[in-house]
Amino acid sequence: MSKAIVLDSHLKEKGSVELPKRYEGINSHNLYLYVKHYLSSARANTAKSKNRAEVSGGGRKPWAQKGGGRARAGSITSPVFVGGGVSHGATNKRNYNLKINKKQKRLALEYALEEKAQANKLFVVEKIAIKGVVEDNKRKHLTKEANQMFQALEQRDTLFVCLNMDEYTELAFSNLKKCLVIDVSELNAYLLAAFSSVVMEEAAFQHVVQDKTEE
């Protein structure tokens, strides 16, 4: 059974916690479907080209049908002319969103967590809170403290997951390129797959792994 690594306040390993048994044997195809759903939902349908009906001009026949030695033409909006309409061009009426049901979303999230745990890249800490130093009635050195926390993990990049994240913690990590801090309500399988390691607050971890199959 896969286990998440439990870290102490100094981010040193002090134990482990098992993932629920239902996380085992989940088909990886659920994660593939969720990633396609996530990326397609984020796609902006802005590409647009004009067809021959939308191009301006072309109200009269450019030259006589016969006698000129040239191929017949009825309008300069034809796709064969420079400046004419585009054949089979992009339209902004296509919906790229791919639907996925609630169960598949849950299975994708559970599979992604299981993968991180098997790779020893899933960590649990008691609290993720950056307070900084108060100077002149202002909180300073927030990013410095957040970077020290990230460096102590010795990971390539890290996703931090909090429960009821405060504004100082969010600000502290916002300037770090290889880190992202989110509230547990924003957690999804795509983010879990995108980052090489995940650090979760204990409360956030318990919130995620509780059985939601009967909800």
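We count from 1, first residue shown onward.
Just so it is clear, glycine is given a Cβ too, placed from its N, Cα and C backbone atoms.
Taken from Swiss-Prot, the feature region 'Disordered' covers 46-72. Using DSSP to sort the residues of the region 'Disordered' (46-72) gives these counts of helix, strand and coil: 0 helix, 0 strand, 27 coil.
Taken from Swiss-Prot, the feature compositional bias 'Gly residues' covers 56-71. Below 8 angstroms of C-beta separation, residues 77-78, 84 of the same chain, each at least six residues beyond the ends of the compositional bias 'Gly residues' (56-71), sit close to that stretch.
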